[in-house]
Amino acid sequence: MIDTATYGLAGLWPCYSCCREFWIPSLANFGPHCLGVVGHIPVWISLLAFVLHYALVWFDPWRPIWLRNITAEKGEARFQSHDQEEAGAIHDESFEDTPLLPRRGAVSVSPKKIWTRWTLCLLVLNLTGALISIFGAAMAHQNPTEIQLHLIPLIPNVLSVLLILVDRPRTVRRSLFIIAATLLFFQLTITTLAPDAIGTTWKCFTTWGAGGCVTLTSIVVMLNMPLRDPLLSSSKIGKPFAKPESSVRSPEDIVTLWQWMSVSWMAPLISTACKRQLHDKDVWLLASDFQHQTLHLLFRDLTGTVFVRLLKANGLDIIMTTCLGTFETLAELSEPVLLKQLLNALMSEIPAIRAAVVYASFILIARVLKAHSAVFKIWYERRNYERSRGEMITMIHDKTLRRKAFTIAAEVSTPSSQTSTLFGDENDTLEDINNEDAEPSQPWSLRSWVRGVYQAFKHRSVAPSQREKEAPASTGKILNLLRGDVYEVAQRFWEASTLITKPLSVVFSIVLLWKILGSASLYGILVIGVGMAVNYYMTGLLKRVEKKRRTTTDVKLERTSQFVESLRHLRWYDWQDRWLGHIMEIRQKELFQRVKSNVVDRSINVINNITSYMFPVVGFAAYTLILHRPLTVDIAFPALGLFTMLQNNLRDLPSLYTSLTNARVAMRRIEDFMLEPDKDDNEDDETATPPPPFHQSNLEISIRNASFSWPGSDTTVLDNISFVCEPGLTLVCGKVGIGKTALLQAVLGELDQHSGEKNAPAEMTGYCAQMPWLESMSIRDNILFSTPFDEARYWQVLRACCLVEDLRKFKGGDRVLIGENGTGLSGGQRARVALARAVYSRSRILLLDDPIAALDHQTAETISRNLFADQNSPLTAGRLIVLVTHRVDIVQQYAYQVLDIVPGGQVKTFNRREIAEHEKELEAQAATTPESSPIAESSTSQKTEDSSSEEEAELETVAGKFIQEEHRVHGGVMATVYWQYVKAGKLSWWATMVTLCLLIRMINLGYNWFLKEWGEQYRKSTELGDRPLILISHPDSQAGGIIEPRRYLPPPGENVRPWLICLVIIALVQVLFEALSDLALIAIIYNAGKSLFAKAMRCVTNATFRFYDVTPVGRLMNRLTSDMGTIDGQIATQVLTLAFYSLGWMTSMFVIATATPVFIIPSVGTTMLFVYLYGRYLPASQDLRRLETVSLSPLMSNFGTLLEGLTTVRAFRAEPHFQNRIIATTDDFQKMDHIYWSLQAWLQYRFDLVSGLSVYALTLTAIIHGLSSGMIGFVLAAAANFVESTHQVCRRYGDMQMQFVSVERIIELLSLEQEQANTDNPPPAGWPSCTDDIVFDKVTLRYAPEFDPVLVDMSLVIPGGSTVAVTGRTGSGKSTLAYALLSTIQPDAGTGGQIRIGSVDIAKVDKHILRRHITFVAQDPVLFAGTLRDNLDPLDEHSEDERAQVLKTVLNNGFTLDTRVDGGGKNLSQGQRQLVGLGRAILRRSAIVIMDEATASIDVETATYIHQLLRMELRHSTVITIAHKVEAVKDADFEIVLDKGRVIKAGRRVPKS
């Protein structure tokens, strides 16, 4: 027992003043009288942890939001007993009740403390440890030091017992784990370094060992405790090691600490991927901390700028990653310090083997701790990145729902704004690029490069104009914000810790170098200062070049987007090649900007390399020449390790600055977008009340003395208007482009109001746009539009809108998918589905913008009668309906008032009495009576409900062909993909780059060998254990005489200058070769990007029209933008890095095999283990990356769809639905990325452990074999290089595979089925002429071989020069006939059918010439961003006078050739767009002109004038008119009537007497 009388309590307290040397480096042990002090370390740490545990509880209520996890779980507890349920309460466990590492945050717990098996186990273990500690002290032989050491575990165990008794934790506590881990480390340290201090008897050793086992068991228990309160419900969370499913959340929500630390919860997914391809159903949902529904709502409520809100939402993650990154930095910097001690221990006359082993063990411990820290850091970094990206995506989407719908950005900017067209730069921000890029095909021109640099410096202070800053974001820019800028900012949040750790690592490296080299390191710091000063100016240049590149990319993106969206129409006119040429021009400018950016970036890298390589040279020179000290091995290699770390960090600092600069630009763009004005009367949809029942009488829309303009324009479109609308039908009419649509937009609040008063109910409005907007989903889902399904009402709506017969012909009925914007439906069917959506809604207000324009007379009349004739109709009774139409004759009888919009933006109001008085005035806008219509004549024998036509069979075919699932390759990227990329980058450049990489690696090896030789020359005698390196240092070998520098240089002790000169030469040669490899890399990036983009665009341009039917625009744009951006970015760098590390692996293996042959077998084993782990990782990583790429397409498509139908969405108050949908899409996209990076953490953790153990084993092997300190330093450098290279080869190969998925997707475009252009078969000169007959000879047409025919056995002859009327019911195949004349659909080969113009079979003639001589005017003409001049004559084939004359005759309403047109013609009405399309036909005067409902949206007066004009201007053409309106075909001399895909009538029309 302890004799306290002899020693007293003071004898148990160590003497701190006696501990004069805490650690003796040469012995690798604690100094005398210091063991007691060492023993108090776990005591003080335990006390600190205990105090902080409860102190932070007090601090928690004052904790700022940036120190909280905003997505902490709340209120989900499901207690096991009724009384626990009643006692349940929300309790924020925050700091005091938080798991060790990922904080699960605020959870529901019971205030009544509950004992679990884990809690009881920990309590028993800590009590046992305390008792063992007391017993061990009693067994000590009256030795104060022994007694002190045995009593040390007592206090930590007692404190742990107190914590357990008070808290009864059900999850891991940081405080408990820190206490146990500190105590175990202390026990292991004393056991290995000072076993004699424990005692001399077996009892002492036994009790000490038992105490250590108890502590270890406590840690094992805590490692297996859950991180989330087990009382919380986990029914929706996947179980660890259970089969992965997409119906449950990720298991990381309920994993244990060990499962989370080792990422072992990923095992089921990895096993599944090794057996088969992963699908979406195999990937868990996002964990609770990552789900965007909660994130969006919480982020929306934060205040401040976007950047401040991001900091508030993710501040805790930034702090955690910074702390963990700092710990990793310290662990990494400890390695060269420990290596110095290891080499120093071996340099003594009698090598201190034990000390060397101790330091090697410390290095292993540092690497293991760093490996675990890396897992934690990746998790927090990933959360920081994913949450910030998701927050910004949902925020931008939410802003888009609220912002003003600017129709054209140019209206608020000067002609030099960012608005781009497909025709030219229009004096935009690319003017400087045009000046610099005189020879775009020669990007390596020194003259152009110098001029570019000069211009960049010259204009460095020029700020963007105020006009440019005020220009609203275009569609292309918004998509670029989502795809590019959001990623740029989120990536900086991922790397937020580097803002601290990189500079900190630089500072610590310099401090440690000072410790090793002394004041000589200051000279090296001067080199760093000079390099950083030069790089400061270079990074400024890079910022300006990169900003210009981004502007160019924005323009290219918008042009590409417009091109892809309009490609079908462009090919109808054969304009695609010219437009593709414009895109390739801007692509060339973008590539040149990328070359400049890469050259500047690589120049920074060269300066950085010179700085990094000259830093050690200058430091060594000062150390040897100024301080006159020998550069021994124990100085050279640790210093070299620090130099390498410093070099890597210095390399990262410029890129870090560049990244921050890019992120700042991106952040500013996002901030500017968020500051754009919102829609004035935007309501909070979540607080909006549902509309009152229809019978309420307070329904009214009134506008008094109000003036409106389009958003961003000062020109009023409606001036001083006044009217009142009440329940019933209000008819709106007026000439084309007069402002009818603007009036509806004004009611919806989409226009800027300048004066007057507007009162409209702030509730849902059933809006039907003039251009029907439908989503890529089923007909039923489009009609329901996220409202509940009422079967009776649904079928009432279908019957009223004459859709029943159409649906019966679809294989899927109303469940059939209709494609992007209803591509699978005819124009009339799209209009009726959009009308049905408005009518089905429960809104009291219906705003209908000419939904009957595209319908045949009988269908339009029937729908009008069904909806408006019965005032007590359950579909329209009590509703306020405003209908815009030109077909006044059909609906006038049902209206109680008419609003006639007249020139000047005025509104005239006619009530029911005035309608009768002004009947003649209104009839001027009506068509001829339906009895005179040939269409009516051809269909009077059919009833409306039973009049389904043959085109409905066409729809059955067409509807099933859309929404093809995106192709996803299984397994690794095929070798052909790599070969295609290599060829695109030019084989000569690849060979140059690989050769330079090999030379760089050889020089790097020579650099280390040279330092080894230099350091060993200070030894006066050769060590017996020094085995010369075979073929390198063997004195008898011929090669050795060449490589060994000591044979040619004087001893460094006598003259060190030759050694320094050689070191300088080696360093400069390495810099030179790295610079040359960078230039080769830039050349590869340029050539590959140029070649692949050009090939992909050509293949997409010339693909069959079937490809456009089955491929959504968003999916295609994802490949041409996101995937192409990847090719322009890091792919070539990944290949270069892989080659570099592969060569490093081979050279390292060669060094290890020759220096320590015994380790060659373990090295091979290590490599095989790396390959095995990587083989487990690769299948899952490939599948996840492909799934992520595929899931990105819906995100972009949904966003593009929203931008097109924004007015409809806001009218229906459907913003919450669309916001929730984008949230769900973001979840689907980000879960792939989240699980992928979890997989990366799984691999990295195992790689790091294998790397640390391999280097440790090699170090012990080298020490045991008695190699000299110089050889050990050289071998350890090679070993570290071997492990790092093996690690990086696997990692980089995987990264390269993932990057090459983008190449794979681009290569897939190169294999698209191409249309047979028949360019080798030109037609006769002068073909076609207006006298050529058009012959359909037994023609059967279908859209795809697997579909039913659309037109069957069609035979007829259209006389040349005739005016042809093609009539038939909606969906009868009329448009298919037009497509056949354009040769976009070919007759069935099996029927032998032909379509001939004159004597020429159009299936065999040159398609370009055919379409160049046929003009097709579609019902929905596509206009392009630019001017009216560009839209009328894109190929610049006509004179200015001809264009001006056509514009004057067709669109003479204040328009000029310079009038701006927004993309898609959004700033023009539908009627005006149709007039522009007709103007094209008049300007081209083709021999054959086809008009498909080309005047459907034009008022009667204007249409009558246009038809007279067409008859005069196209009198020398064969004109084929597809129309429902009588006036459009009343003067036709040839008639074709179609029904059910067959020709009912074809022949000369007999005029009626």
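Placement of Cβ uses the backbone N, Cα and C atoms for every residue, glycine included.
Going by TrEMBL, these are the annotated features:
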COMPBIAS  675-687  compositional bias 'Acidic residues'
COMPBIAS  926-936  compositional bias 'Polar residues'
DOMAIN    474-662  domain 'ABC transmembrane type-1'
DOMAIN    701-928  domain 'ABC transporter'
DOMAIN    1059-1298  domain 'ABC transmembrane type-1'
DOMAIN    1334-1553  domain 'ABC transporter'
REGION    675-696  region 'Disordered'
REGION    921-955  region 'Disordered'
TRANSMEM  41-59  transmembrane segment
TRANSMEM  120-141  transmembrane segment
TRANSMEM  147-166  transmembrane segment
TRANSMEM  175-194  transmembrane segment
TRANSMEM  206-227  transmembrane segment
TRANSMEM  523-542  transmembrane segment
TRANSMEM  987-1010  transmembrane segment
TRANSMEM  1058-1088  transmembrane segment
TRANSMEM  1149-1175  transmembrane segment
TRANSMEM  1255-1283  transmembrane segment
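Beyond the transmembrane segment (175-194), the same-chain residues lying 6 or more positions past its ends with a Cβ under 8 Å from any Cβ of the stretch are 28-30, 35, 38-39, 41-42, 45-46, 49-50, 52-53, 100, 122, 149, 152-153, 156-157, 159-160, 163-164, 169, 208-209, 211-212, 215-216, 218-219, 222, 257, 358, 361. Contact counts against the transmembrane segment (1058-1088), taken as Cβ pairs under 8 Å, peak for 987-1010 among the stretches 120-141, 206-227, 523-542, 987-1010, 1255-1283. Long-range neighbours of the transmembrane segment (1255-1283) within the same chain, counting only residues 6 or more positions beyond its ends whose Cβ lies under 8 Å from a Cβ of the stretch, are 339, 342-344, 346-347, 351, 353, 356-357, 360-361, 363-364, 367, 633-634, 636-637, 640-641, 1005, 1008-1009, 1012-1013, 1015-1016, 1023-1027, 1029, 1144-1145, 1147-1149, 1151-1152, 1155-1156, 1158-1159, 1162-1163, 1166. Against the transmembrane segment (41-59), stretch 147-166 has more CB pairs under 8 A than any other of 120-141, 147-166, 987-1010.
Long-range neighbours of the transmembrane segment (206-227) within the same chain, counting only residues 6 or more positions beyond its ends whose Cβ lies under 8 Å from a Cβ of the stretch, are 99-102, 104, 118, 121-122, 125-126, 128-129, 132-133, 135-136, 139, 149-150, 153, 160, 170-172, 176-177, 180-181, 183-184, 187-188, 191, 198-199, 254-258, 260-261. Looking at the domain 'ABC transporter' (1334-1553) alone, the prediction's average pLDDT is 84. Among residues of the same chain six or more beyond the transmembrane segment (120-141), those with a C-beta under 8 A of the stretch's C-beta atoms are 1-2, 147, 150-154, 157-158, 160-161, 164-165, 176, 199-201, 203-204, 207-208, 210-211, 214-215, 217-218, 221-222.
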